[in-house]
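Everything below concerns the one structure shown next.
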Amino acid sequence: MAAIGIVGSAGRMGQALAAAIDEAGETRAGGADRGDDVGALAGKADALVDFSTPGALADTLDACVKAGIPLLIGTTGLSADNHAAIDAAARTIPVLQTGNTSLGVTMLAALVEQAAARLGDDWDIEIVEMHHRMKVDAPSGTAILLGEAAARGRGIDLAAHTESGRDCHTGARATGAIGFAALRGGTVAGEHSVILAGEQERITISHSAENRAIFARGAVKGAKWLIGQPAGRYTMNDLLGL
Ligand SMILES: NC(=O)C1=CN([C@@H]2O[C@H](COP(=O)(O)OP(=O)(O)OC[C@H]3O[C@@H](n4cnc5c(N)ncnc54)[C@H](OP(=O)(O)O)[C@@H]3O)[C@@H](O)[C@H]2O)C=CC1
Ligand SMILES: O=C(O)C1=N[C@H](C(=O)O)C[C@H](O)C1
């Protein structure tokens, strides 16, 4: 049985994760929220799972490195500095970072990578997502993950080909661009569609999250899998052997 600590335990995902830990028969090592000592939590856990905010990440990584325990990072909206800090910590401990812990989105990303690899750049790729009104970051971590999968398939750099936040007179779409559009409203748990738009035909591949339990269950699986892995940076693909 694994003792899993929750960073951001009072939040929507923190609560869903607590339920998933119980459902899986694992142990809750406790939680850390704003102002709490994450080091104390790391000291009594086998692994931490973080669904909080990018500003909390540096302390959480430090705490896990000091305690020598793995960390699963589900928080999205991460900066380049956050990613550099993850890379540094992953030299000492196992770290799994993903914009989406669900099995369905991991499969969707694999399909998108394959489609992008086989279709030429005359097929325009657009990623559309919708989330609840409380979500603070855009595009979603999942949309970015799907964009990275498409870019990998195409053999291009995502940052250099991103078109997002289109407004006013944008000019025509750049050939080979990967476009992002974000909608916010209501209580939507997470909707993502990847549209491949060619000449007179279109492919749309979608994923709908019906609730947060799917993310929480995937995070518990990920945390358990991380315990016992060597130091390194992992994704859900590693966990699922994709
Ligand atoms: N990878 C995935 O599969 C998924 C990722 N997410 C991501 O997880 C994150 C959390 O989402 P959600 O639960 O909906 O958001 P919430 O706002 O409901 O929860 C975040 C929690 O983190 C707390 N928090 C703020 N600062 C700290 C800190 N320094 N240390 C510890 N906790 C802190 C917040 O407290 P306070 O209210 O006081 O600020 C809040 O309770 C988001 O980035 C979201 O995009 C969500 C779903 C799935
Ligand atoms: O904030 C959320 O709610 C979600 N965040 C993740 C994201 O940014 O993609 C995952 C999921 O879509 C829900």
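From the backbone N, Cα and C atoms, a Cβ is placed for every residue, glycine too.
TrEMBL has this to say about the protein:
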DOMAIN    4-100  domain 'Dihydrodipicolinate reductase N-terminal'
BINDING   GLY8, SER9, ALA10, GLY11, ARG12, MET13, GLU26, GLY74, THR75, THR76, THR98, GLY99, ASN100, THR101  NAD(+) binding site
BINDING   ARG28  NADP(+) binding site
DOMAIN    104-240  domain 'Dihydrodipicolinate reductase C-terminal'
ACT_SITE  HIS131  active site, proton donor/acceptor
BINDING   HIS132, GLY141, THR142  (S)-2,3,4,5-tetrahydrodipicolinate binding site
ACT_SITE  LYS135  active site, proton donor
**Asked** How many Å lie between the Cα of ARG12 (NAD(+) binding site) and the Cα of LYS135 (active site, proton donor)?
**Response** 11
**Item:** Where the C-beta lies under 6 angstroms from ligand 1, the matching binding-site residues among ARG12, GLU26, ARG28, THR75, ASN100, THR142
**Value:** ARG12, THR75, ASN100
**Prompt:** Which number gives the other C-beta atoms within 10 angstroms of the C-beta of THR75 (NAD(+) binding site), all protein chains shown included?
**Reply:** 24
**Fill in**
GLU26 (NAD(+) binding site) and the residue listed as 'active site, proton donor', compared by Cα position, are separated in whole Å by 29
**Message:** Need the DSSP three-state call for ARG28 (NADP(+) binding site) to compare against my parser.
**Reply:** strand
**Asked** For ligand 2, which among the recorded positions ARG12, ARG28, LYS135, GLY141 have a CB under 6 Å from it?
**Response** LYS135, GLY141
**Fill in**
Long-range Cβ list for ASN100 (NAD(+) binding site), cut-off under 8 Å, min separation 6+ in sequence, same chain only, gives THR106, GLY141, THR142, LEU145, GLY190, PHE215, GLY218, MET236
**Request:** State the Cα to Cα distance, in Å, between THR98 (NAD(+) binding site) and the residue listed as 'active site, proton donor', rounded to an integer.
**Result:** 17
**Request:** Excluding HIS132, GLY141, THR142, please set out which residues of the same chain place their CB within 8 Å of the center of the CB atoms of the (S)-2,3,4,5-tetrahydrodipicolinate site, keeping sequence order.
**Result:** THR76, GLY99, ASN100, GLU129, HIS131, LYS135, ASP137, SER140, ALA143, GLY190, HIS192
